[in-house]
Amino acid sequence: MQFPSRRKRLINNAQEEMYGQPIQFYGQPPIENISLSEFETFAVERLKLLKTIENLGVSYVKQSEHYARKLESEFKNLHFPYREVDDRKVQTGPSEFEKRRKDHISHFILRLAYCQTEDLRRWFIQQEVDLFRFRFNELGSKQKLEFLHRNNLQYDTINVEEKKTLLDKLVSSSYAVSGITVEEQDFYKVPFQDALDLVRTRKVYLKAGYVYIPHQDIITIVINDFRTRLSKALALTARSLPIVHSDERLQPLLNHLSHAYVGQDYSIQKNVGKISLEQIDSLSGKSFPLCMKQLHQSLRENHHLRHGGRMQYGLFLKGIGLSLEQALQFWRSEFIRGKVDADKFDKQYAYSIRHMFGKEGRRADYTPYSCMKVILSNMPSQGDYHGCPFRHSDPELLKQKLQVYKVSPSGINQILELVKGMHYQLACQKYFELTHNVEDANFSLNHPNQYFVESQRLLSGGVREPKREPETPHKTKAPSAAVEVPEVIEDLDSFFQDA
Amino acid sequence: MPVSDYDQASLPDLLPLYYRRLFPFAQYYRWLHYGGVHKNYFQNREFSFTLKDDIYVRYQSFTTQSELEKEMQKMNPYKIDIGAVYSHRPNQHNTVKSGSFQALEKELVFDIDMTDYDDVRSCCSAADICSKCWTLMTIAIRILDRALREDFGFQHLLWVYSGRRGIHCWVCDEAARKLSVTARSAVAEYLSLVKGGEETLKKVILSDPIHPFIKESLLVVERYFTRYALHDQEILSRKETLDKVLALVPEDILLKELQQDFQNEKKPEIRWKLIKDQALKKQATNKKGHHFEKEIMLQYCYPRLDVNVSKGVNHLLKSPFSVHPKTGRISVPIDLKELEKFDPFAVPTISLICEELDRPIPGEVEEKVDDKENEKDATERRKIRDYKRTSLAKYVKYFDQFLDGVARSWKGELLRKSDLQKEF
């Protein structure tokens with residue numbers, strides 16, 4: 001019988017239509033059923049990809065060779081599509097089709113998580129635009145044309161007559177356009193509103209509201225189009241969020257994604273009891289990140305910390321290896337020096353410390369906050385000392401603080417530049433490099449406890465680990481998809497409980 | 001009576017008269033209503049008023065022409081600014097959920113202020129202007145008007161004298177009103193050639209290839225350069241100004257040679273030719289900085305616009321037909337067909353036109369008012385004739401012509417919309 005095979009072919013054709021190229025505008029949301037675990041996995045892996053793009057984008061010149069190589073290896077590791085593949089080559093691992101499907105679905109899931117606030121939207125758009133730009137540039141010229149036509153960018157080309165008439169003007173409008181360019185390449189007539197960067201810098205010929213762009217420059221237009229579409233889509237998505245959030249399976253996951261930290265969570269205490277309370281003061285000077293240093297100092301000075309500060313600092317201390325008994329002693333002795341007497345402490349504060357260690361209530365073992373969590377949640381207000389100093393401190397105050405900690409003026413400037421660009425974790429990493437007197441931290445900072453561990457390792461003259469790709473969870477295990485995923489899902493579980 | 005009879009202290013007496021009998025409310029409403037193509041376009045427009053004693057009120061809005069008239073006649077503003085069309089009525093913005101009240105559309109505007117040219121004009125400085133430096137505004141209008149029309153495809157441009165020392169341009173095309181902040185700033189950057197402040201000596205730097213826009217602008221500048229720069233501003237004749245010009249010439253040009261030549265040659269045209277010859281020589285060698293004669297012309301003549309004014313969708317700009325409190329002059333639209341003849345000192349002041357109101361026009365017959373019914377019509381008619389008695393007439397007439405042009409564009413829109421609704 002012919003019917004089944006024909007039907008199968010039809011379905012394949014439809015799928016090929018949708019995933020015909022390794023890159024897309026994400027105009028159509030996916031309409032299939034997927035399992036909850038696929039939902040989680042896809043989302044988390046795309047998030048890792050976007051974070052890599054962010055980190056690489058700050059550390060290297062975009063489109064440079066270094067950038068390209070590092071990004072390509074990340075694509076391969078996480079199984080995302082990035083260029084046309086030769087069908088004849090034998091594929092190991094997921095097929096190109098499966099990669100493109102994952103690309104499609106994961107993008108839409110992250111839209112749900114990142115549409116909620118202006119900050120999140122801005123971040124998401126920036127990384128997706130960079131991702132798009134990279135993949136578009138990887139396309140061959142024929143494929144670029146194909147992409148434009150598939151996506152209804154009906155920018156008209158001008159005919160030979162018009163090209164002849166405009167030859168002089170076209171050549172004198174752009175350094176990159178020569179007489180040969182005009183002859184050989186197609187020129188597109190594009191409304192000036194779609195090519196603002198070229199108009200602003202006067203790098204293009206403009207007539208009656210249209211710019212005349214050679215085929216080689218069409219990328220700028222396409223990128224802007226992508227950015228605009230995504231921006232509008234996110235605004236629309238935000239409006240339909242209440243419906244999505246009403247699904248109990250999705251809400252915790254989506255909340256977690258937008259605060260996501262996808263690496264080691266320092267919940268498994270490795271060094272319990274190895275640190276004595278007497279060491280804390282000196283450790284805070286040498287190996288604490290600025291946020292924790294600030295909290296420790298304020299605790300010592302005021303003999304008190306508010307709830308936000310107690311949580312952030314308390315969990316950090318747990319992460320560096322304080323035992324419950326030590327923690328209780330630590331907080332108690334400090335609070336007693338203040339306005340709290342022993343009784344009050346035992347009644348009011350001890351409970352919450354035991355809670356942190358999972359000895360009360362739901363007995364959930366809370367995990368120390370990642371940088372993302374510190375930066376994004378629980379904004380400090382008057383009287384608070386928690387948060388991330390690079391994000392939450394006034395730049396002038398931050399500068400003064402850094403001066404007190406003897407950071408050089410040029411170092412302070414570098415840090416402030418990073419802060420201005422909203423790269424708070426990189427600013428902290430730079431702070432690490434300056435205070436430990438190293439050129440390169442050799443790790444990608446994502447967690448205050450990671451800062452502590454790396455600092456201690458450096459100071460004790462430990463063997464430097466070879467530089468890892470960002471977001472590799474366990475330093476001891478070989479990076480492979482199978483191992484990473486369970487680790488991350490464990491992290492998600494703990495966050496569900498946290499909520 | 002001479003026009004210079006204006007005294008700022010008499011504003012409280014003149015303004016009520018101006019707003020009651022002279023201000024062209026009908027035309028004003030016709031403009032900002034834009035044919036009613038978009039619902040609530042006029043109602044959601046922000047106006048701001050500066051009242052007596054420098055009291056400034058924002059977020060004024062009106063539902064009808066008559067409401068606008070009544071309010072203005074009640075408040076007698078010293079200054080009127082026009083802002084954006086918002087998502088809600090500006091005078092109700094406090095009742096709107098925060099974040100929802102947004103500026104949606106506004107004309108694309110440009111503001112050219114003579115003080116921005118202080119480093120290149122020697123006849124006046126600061127708030128002063130004279131007929132010599134006014135040429136700079138003429139040049140600015142010619143260059144920008146051409147570019148906005150031919151390069152950007154805009155058609156409905158209203159150029160307005162600010163009342164003291166500058167000009168404004170209101171681009172009223174629908175496409176212009178819908179431009180985003182990014183787009184407006186891109187347009188303004190495209191039109192900007194003079195960059196740098198006090199610290200920068202050389203404010204214009206050209207590199208190959210010379211963009212067609214720059215070529216066109218240079219054509220305009222060249223038409224005025226001899227009369228304006230060489231004769232009126234005497235940039236090559238007086239020592240201080242000559243030194244400033246020579247500071248813009250690249251170092252490897254034999255300055256000594258030029259200075260020697262200038263000892264023998266005092267005529268500015270010849271001196272300029274000598275400079276141009278040096279430039280030609282340099283262009284032949286194709287080394288850097290070989291467009292310096294063009295750069296000099298542009299630095300002295302090219303329009304200097306404030307990008308920040310053009311960028312913001314919600315930016316407030318002085319309204320046409322507003323009075324300038326310091327000079328008393330009305331912000332009148334400029335007819336480009338008469339641009340060369342435009343004299344800012346001949347622009348009517350509020351005191352002049354108020355005085356002209358009561359002057360009888362020879363041959364005019366006083367209309368008799370028969371009964372109450374006709375009285376209202378007569379008042380209207382008298383009001384319409386009122387501004388016609390004054391020097392304001394020709395400016396309102398020009399404004400009407402401008403509005404006819406704009407109307408043709410939204411009439412097309414209305415037709416299209418009614419076609420879609422299948423109305424007959």
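Here the Cβ of each residue, glycine as well, is placed from N, Cα and C on the backbone.
These figures come from a predicted structure and were not determined experimentally.
Record features (TrEMBL):
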type	residues	note
BINDING	A:Cys291, A:Cys371, A:Cys388, A:Cys428	[4Fe-4S] cluster binding site
COMPBIAS	A:464-474	compositional bias 'Basic and acidic residues'
DOMAIN	A:282-452	domain 'DNA primase large subunit C-terminal'
REGION	A:463-482	region 'Disordered'
Neighbour count (Cβ, 10 Å) for A:Cys371 ([4Fe-4S] cluster binding site):
23
Show which residues of the chain containing A:Cys388 ([4Fe-4S] cluster binding site), separated from it by at least 6 in sequence, have their CB under 8 Å from its CB.
A:Cys291, A:Cys371, A:Val374, A:Ile375, A:Tyr424, A:Cys428
Report the residues of the chain - excluding A:Cys291, A:Cys371, A:Cys388, A:Cys428 - with C-beta within 8 Å of the mean position of the site's C-beta atoms, for the recorded [4Fe-4S] cluster site, in sequence order.
A:Pro289, A:Leu290, A:Val374, A:Ile375, A:Pro389, A:Phe390, A:Arg391, A:Tyr424, A:Gln425, A:Leu445, A:Pro448
Compute the average pLDDT of the predicted model within the domain 'DNA primase large subunit C-terminal' (A:282-452).
88
Specify the count of other C-beta atoms within 10 Å of the C-beta of A:Cys291 ([4Fe-4S] cluster binding site).
28
Specify the count of other C-beta atoms within 10 Å of the C-beta of A:Cys428 ([4Fe-4S] cluster binding site).
27
Per DSSP, A:Cys291 ([4Fe-4S] cluster binding site) is which: helix, strand or coil?
helix
What three-state secondary structure does DSSP assign to A:Cys428 ([4Fe-4S] cluster binding site)?
helix
DSSP three-state call for A:Cys371 ([4Fe-4S] cluster binding site): helix, strand or coil?
helix
